[in-house]
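Report on the following structure.
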Amino acid sequence: MKNILQGAMTALITPFKNGKLDEETFEKLIKRQIKNGIDVVVPVGTTGESATLTHNEHKICIEIAVNACKDTNVKVLAGAGSNATHEAIDFAKFAQSHGADGILSVAPYYNKPTQEGLYQHYKAIAESIDIPVLLYNVPGRVGVDILPSTVFRLFKECKNIFGIKEATGSIDRCVDLLAHEPNLVVISGEDAINYPILSNGGKGVISVTANLLPDYICELTHLALDEEYTKAKAINDKLYNINKILFCESNPIPIKAAMYIAGLIGNLEYRLPLCEPSSENFKKIEQTMKNYEIKGF
């Protein structure tokens, strides 16, 4: 299966207005990403607060993303994860039937399945659809690690599982995956290590920072993929401070604050249990942003 889901990808935030999904702003944010050269948009992932969306809201976000990207070269990698396999399959089937180019499926959270359980979970999802599936490994959030042996097994046996978004924070893990399976598509899931992963064989990034600075992330990613490593590293170094401050509290708390400060969202709203950043961190975010040129709509 030819992989078209790589390069510079944005883990989209989900804007709210008076407690409800702000569909108009969400569409505008996606069109801003398209305008600034992003390759793939990723709605309803961790950054999109998928855990606190209703199933209907989740599906609406996918529809908006697909419609916004229609007649463009930008692809949609739809979040379709759940800790219940039957729910993940429902999201996956919806994404496929509504035109998504692939799905991002986070490891089941809270119930801590075994490696065999993870294998069966992902195999069932992959067999339920025909579009590409990107595994999503983020043990710090979900409580379970998709071990390399399980990744290789799934990659070998499921034709539409093409790679993994690695958010372990470990460059060594990514290098090990690629050393044992060079055809596996490894995507960086942490902005702090985008450059090291790209320069060691990674094929793209799913970036939180790209919500705010899509042009920077596009340039960094494309330069690295073209093996222009000196230029890519210079951009990566410039992004160091913003990448750091955007994770001063749990994602997506800081990035939504930054988007609000930049005037890209009109309301600073979260779904509980997420809440606004501390006043101290809000000021730090605001101060750090002054060092970057942030493009509007």
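We number each residue from 1, going along the chain as drawn.
Cβ atoms are placed via backbone N, Cα and C, with glycine included.
Feature list (source: Swiss-Prot):
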ACT_SITE  TYR136  active site, proton donor/acceptor
ACT_SITE  LYS165  active site, schiff-base intermediate with substrate
BINDING   THR47, ILE206  pyruvate binding site
SITE      THR46  site 'Part of a proton relay during catalysis'
SITE      TYR110  site 'Part of a proton relay during catalysis'
How big is the Cα-to-Cα gap, in Å, between TYR110 (site 'Part of a proton relay during catalysis') and THR47 (pyruvate binding site)?
18
Using DSSP, would you call THR47 (pyruvate binding site) helix, strand or coil?
coil
Between C-alpha atoms, which of these recorded positions comes nearest to ILE206 (pyruvate binding site): THR46, TYR136, LYS165?
LYS165
Going by DSSP, give the three-state secondary structure for TYR110 (site 'Part of a proton relay during catalysis').
coil
Recorded positions compared (TYR110, TYR136) - highest count of Cβ atoms within 10 Å:
TYR136
Could you check which of the recorded positions THR46, THR47, LYS165 is the closest Cα neighbour of TYR136 (active site, proton donor/acceptor)?
LYS165
Distance check, please: Cα of THR46 (site 'Part of a proton relay during catalysis') against Cα of the residue listed as 'active site, schiff-base intermediate with substrate', rounded to an integer number of angstrom.
12
Enumerate same-chain residues with a sequence separation of six or more from LYS165 (active site, schiff-base intermediate with substrate) and a Cβ-Cβ distance below 8 A; give 'none' if the list is empty.
LEU104, LEU134, LEU135, TYR136, ASN137, VAL138, ILE187, SER188, GLY189, ILE206
Would you mind checking how many other C-beta atoms are within 10 angstroms of the C-beta on ILE206 (pyruvate binding site)?
28
If you draw a 10 Å sphere on the Cβ of THR46 (site 'Part of a proton relay during catalysis'), how many other Cβ atoms land inside?
24
